[in-house]
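See below for the structure under consideration.
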Amino acid sequence: GFLDEQFTQLQQLQDETNPDFVTQVLALFFQDSDKLLDNLGKALEKEPIDYKKIDAHVHQFKGSSSSVGAHRVKNACITFRAYCEENNQAGCVQCLQQMKQEYYLVKNKLQELFR
């Protein structure tokens with residue numbers, strides 16, 4: 001699947017006192033992720049490329065993806081960070097596409113779950 005045990009743990013934090021907990025966490029994740037992906041795209045087009053800044057964005061995205069259990073997005077982030085270390089623009093651009101693809105897949109699945 002698209003989600004790992006971290007998502008199950010997230011669901012276990014939801015109870016009667018906070019019935020919308022998971023929905024709120026996911027809404028924040030989507031909001032932040034959309035902004036981060038947009039920033040990454042812009043940063044990769046700006047010459048000279050600031051790989052340290054890009055890596056910081058990807059690191060943040062990896063953390064938030066991990067916290068909601070989106071392990072395929074997290075794995076794409078790990079690969080992306082390796083390309084950042086090598087200052088490999090083509091690799092970063094390719095990885096951004098993969099990250100977006102995995103993110104939109106998991107976003108659609110989660111939105112279906114919480115309709």
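Glycine residues also receive a Cβ, built from the backbone N, Cα and C atoms like all the rest.
Looking only at the domain 'HPt' (18-115), the predicted model's pLDDT averages out at 95. The domain 'HPt' annotation in TrEMBL covers 18-115.
Annotation for His59 (phosphohistidine): same-chain Cβ neighbours under 8 Å, separated by at least 6 residues, are Cys77, Arg81. His59 (phosphohistidine) falls within a helical segment according to DSSP. Residues or ranges marked as phosphohistidine in TrEMBL: His59.
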Request  = Report the DSSP secondary-structure composition of the domain 'HPt' (18-115) as helix, strand and coil residue counts.
outcome  = 83 helix, 1 strand, 14 coil
